[in-house]
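Peer 1: According to TrEMBL:
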type: DOMAIN; residues: A:21-186; note: domain 'NADH:ubiquinone oxidoreductase-like 20kDa subunit'
type: BINDING; residues: A:Cys21, A:Cys24, A:Cys124, A:Cys172; note: [4Fe-4S] cluster 1 binding site
type: DOMAIN; residues: A:208-283; note: domain 'Cytochrome-c3 hydrogenase C-terminal'
type: BINDING; residues: A:His211, A:Cys214, A:Cys234, A:Cys241; note: [4Fe-4S] cluster 2 binding site
type: BINDING; residues: A:Cys250, A:Cys268, A:Cys271; note: [3Fe-4S] cluster binding site
Amino acid sequence: MVAPSPPPDTYNVLWLQAASCGGCTMAALAADDTGLLRSMARFGIRLLWHPSLSEESGAEALAVLEDCATGKLRLDCLCVEGSVLLGPNGSGRFQMLSGSGAPMKDWIARLAPKARHVVAVGSCAAFGGMPAAGHNPTDARGLQYSGWDPGGALGKAFRAGSGLPVVNIAGCAPHPGWMIETLAALALGDVSAEHLDALGRPRAYADHLAHHGCGRNEFYEFKASAARPSDRGCLMENLGCRATQAPGDCNIRRWNGYGSCTDGGYACINCTSPAFETPSGPFQETAKVAGIPVGLPVDMPKAWFVALAALSKSATPQRVRTNAHADHVIVPPARKPLKSP
Amino acid sequence: MTLSSTRLIVGPFNRVEGDLEVTLDVQDGRVAEARVNAPLYRGFEQILLGRPPSDALVIAPRICGICSVSQSVASARALAGLGPAAMPENGTLATNLILACENAADHLTHFMLFFAPDLARSCYGGRPWFAAARRRFAAGDGECARALLPARARFLHLMGLLAGKWPHSLALQPGGVTKAVDPGEKIRLLSILAEFREALETHLFADSLEAIAALDGLPALDAWADAAPPEAGDFRLFLHIARDLDFTGLGAGPGRFISSGSFGLFAPGVWAQGASTPFDPAQVSEDHAHSWMEGAILAPAVGKTIPAPDKPEGYSWCKAPRLDGQVAEVGALARQVVDGHPLARALNAARPGGSVHDRVVARLLELARLIPAMESWIRAIRPAEPFCAPPSPLGEGAAVGLVEAARGTLGHWLGLHNGRIAQYQIVAPTTWNFSPRDAQGNPGALEIALAGAPVLPGETTPVAVQHVVRSFDPCMVCTVH
Ligand code: SF4
Ligand code: SF4
């Protein structure tokens, strides 16, 4: 079966799941509270094939892939979700594309040069992600990075048809808005090299820190810190929060209507960064040297941070100190006494 | 295709979660033998070794994007098994809500996005219901998904409120949850549930959830299906199509059902040959005879995961879990049959191995039962009382964390040594359902269910096979992990 030729004004996306958990797609399904397909259709984005959403299975699906690989179907964008597995021994057999007899890594290598844009959806596809943790048993790579190292499955020099490197919508899972907005901006022709950061992440969200807008900001200011799960205090000093270093606008926009990691009461694990899956210590504990967290905000002089922290700790209101160690407000803000009329 | 023996290799299988390939030996227009291959291996059990125990709460959920919460709960329960802390009542309620939200959303996703679109395929162009099926169920723009996908997204606001985000939350801890609920949030939770209930009652069921949950047997189900025009609700349309396509005669599995029990709402047990026995996780073993894995038959508590990609007898990365040496099926049908819901028991009495029809009905029945339970759990939350027990030091040793994911029983077998993870074995629902043959040559549940499925002349990806496969709601990313 040959897929019908798309109209010229659509932006054709082929979405493949490499070694993924499927979570990026699951997050995307809730985009804009309306769903992936509709929120993309608004921008003329059409899915040629998506493993969770398309009707075509088996031979019909392989025909779509084949037509993209041979250039019969115009491929505007190849989205890859999940890491590319090179193992065992470079064979790629840890992930075979079902029914095709070929490893997924070979399909990606065939398809990527045909695409105007190549997008890594999620930290797995961007940097290797969770499958690359520890000794990386499957030789998992990102499309253009292996952890912090440029290269990955497609190579350092790879450029898509547009001249752009792989666009890395890093995040585990990425916020649905990051996915839709990046794809829409690509479809509109709005993305050039300066819109990506040094690791290929869209600056639209990567120019923020996950820390911005966190509901625990007052506790952060006074270094009134949570000591155990469900405490309301700041999660940075003890519970492993890396939001002051993590790229992302996670606390400026909401996840699933109301949430964010830190508002949900747990640490930001810096899921938008390479190698987040292999921290130096336990995820939910803050690494410290001489009692001072090692992961301080990158652009703040350490001495100042320490001095300010000491000062603000000594100025912490009783209310903030008490509430930091409770799961609900114990001491409400003081109000001016009522005056009688 | 001739009517003699042929071999079909079918894949990629889309609208299943993850990667699946099925090899079919076809004889005289029917599947004679099926071999199920899970073609992706990621090595989570190896990655977990040597890590600090609490890291499992970050790593394990990332096995699966569609049931990450179930993975979180299983690992939190395994960790809790090594510490003395008891979870406060609010923690249990919030955990139940987060897990039930995932289960319910998964059941709906399966129906509207994964299963029903096959009913709108052009091969059914000649059936009287085709126009309706196309309008309601077509992949991409069917009315069912157009109405219910936004409803699902807004239902997942519960995750935003209670779990920070979905998928991949860290809110679920051994002692409870990291997010307390204040009085205003309690009301918002009830509003989220009310909105979701309304969407289900309007579009999916065209009836009250209570009416669906009260269906108590096959006559009641038939009467309900006939009580309104076929298009009155997506469930009713499914029942009409299922009748025409004889979905009750398609996809009989092994007839042994496992449930570890869930929420204190669905009872645990094993159901086979019309009788219930207790479920004992110590009877679980994994057989590697036809997996690309080293080793033989081991209980998960001592199991190993060492890939052997060149093993000649291997045809899948999936291991073959067996209960006391026997094949079993897990999932919503198993849970409802084991629990003893009258409709599920009636379905089981009629067809002990289950069918495509029975699996879909059980899933939607469970959805109808879950929402009212969730409403009662929200009302039971008591703001200002604790949601999480303080963490306590973990002992050395072994523990198992069991949970019912949407797709069935999930177990994490954990062993700690010197404060590090020394053993981590995961037996996921689809590992049960889509297991390869074992050393005795006994096929897995799907392999059994596929035998006899019709293959029409010219079909390369037989539609009946697709119905059977998707009736299990497979999650391949969990299967091998
Ligand atoms: S980036 Fe995270 S959510 Fe996406 S596939 Fe990888 S593990 Fe899953
Ligand atoms: S807050 Fe941190 S861990 Fe959470 S989504 Fe944002 S970057 Fe990832």
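Cβ coordinates come from backbone N, Cα and C, glycine included.
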Peer 1: So which one is it: of the binding-site residues A:Cys21, A:Cys268, which has the fewest other Cβ atoms within 10 Å?
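Peer 2: Looking at the binding-site residues A:Cys21, A:Cys268, the Cβ with the fewest others within 10 Å is that of A:Cys268.
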Peer 1: Just checking: which of the binding-site residues A:Cys24, A:Cys234, A:Cys241, A:Cys250, A:Cys268, A:Cys271 have a C-beta under 6 Å from ligand 2?
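Peer 2: Close enough to ligand 2 are A:Cys250, A:Cys268, A:Cys271.
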Peer 1: Which binding-site residues of A:His211, A:Cys214, A:Cys241, A:Cys250, A:Cys271 contact ligand 1 in the sense of C-beta under 6 Å?
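Peer 2: None, by Cβ distance under 6 Å.
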Peer 1: Nearest of the binding-site residues to A:Cys24 ([4Fe-4S] cluster 1 binding site) by CA-CA distance, picking from A:His211, A:Cys214, A:Cys234, A:Cys241, A:Cys271?
Peer 2: A:Cys271
Peer 1: Tell me, in order along the sequence, which binding-site residues from A:Cys21, A:Cys172, A:His211, A:Cys214, A:Cys234 have their CA within 10 Å of A:Cys271 ([3Fe-4S] cluster binding site).
Peer 2: A:Cys172
Peer 1: With CB distance below 8 Å as the criterion, list the binding-site residues among A:Cys24, A:Cys124, A:Cys172, A:His211, A:Cys241 that sit near chain B.
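Peer 2: The answer, in sequence order, is A:Cys24, A:Cys172.
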Peer 1: Taking Cα-Cα distance, which of the binding-site residues A:Cys21, A:Cys124, A:Cys172 are within 10 Å of A:His211 ([4Fe-4S] cluster 2 binding site)?
Peer 2: none
Peer 1: Can you see whether DSSP assigns A:Cys268 ([3Fe-4S] cluster binding site) to helix, strand or coil?
Peer 2: coil
Peer 1: Once A:His211, A:Cys214, A:Cys234, A:Cys241 are set aside, which residues in the chain still have Cβ within 8 Å of the Cβ centroid of the [4Fe-4S] cluster 2 site?
Peer 2: A:Ala210, A:Arg216, A:Asn217, A:Tyr220, A:Leu235, A:Met236, A:Ala243, A:Thr244, A:Thr262, A:Cys268
Peer 1: Can you tell me how far the Cα of A:Cys214 ([4Fe-4S] cluster 2 binding site) sits from the Cα of A:Cys172 ([4Fe-4S] cluster 1 binding site), in Å?
Peer 2: 19
Peer 1: Compile a sequence-ordered list of residues in the same chain as A:Cys124 ([4Fe-4S] cluster 1 binding site), six or more apart from it, whose Cβ lies below 8 A from its Cβ; state 'none' when nothing qualifies.
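Peer 2: For A:Cys124 ([4Fe-4S] cluster 1 binding site), the qualifying residues are A:Ala18, A:Ala19, A:Ser20, A:Cys21, A:Glu81, A:Gly82, A:Ser83, A:Met130, A:Pro131, A:Ala132, A:Ala140, A:Gly142, A:Cys172.
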Peer 1: Where among the binding-site residues A:Cys24, A:Cys172, A:Cys214, A:Cys250 do you find the Cβ with the fewest other Cβ atoms within 10 Å?
Peer 2: A:Cys214
Peer 1: According to DSSP, which kind of secondary structure is A:Cys124 ([4Fe-4S] cluster 1 binding site) found in, if we only use helix, strand and coil?
Peer 2: helix
Peer 1: Within 10 Å of the Cβ of A:Cys241 ([4Fe-4S] cluster 2 binding site), how many other Cβ atoms are there?
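Peer 2: Around A:Cys241 ([4Fe-4S] cluster 2 binding site), other Cβ atoms within 10 Å: 30.
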Peer 1: Could you tell me the mean pLDDT the prediction assigns to the domain 'Cytochrome-c3 hydrogenase C-terminal' (A:208-283)?
Peer 2: 96
Peer 1: C-alpha of A:Cys234 ([4Fe-4S] cluster 2 binding site) to C-alpha of A:Cys268 ([3Fe-4S] cluster binding site): distance in Å?
Peer 2: 11
Peer 1: Over the span of the domain 'Cytochrome-c3 hydrogenase C-terminal' (A:208-283), count residues by DSSP class, listing helix, strand and coil in order.
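Peer 2: Its residues fall into 5 helix, 6 strand, 65 coil.
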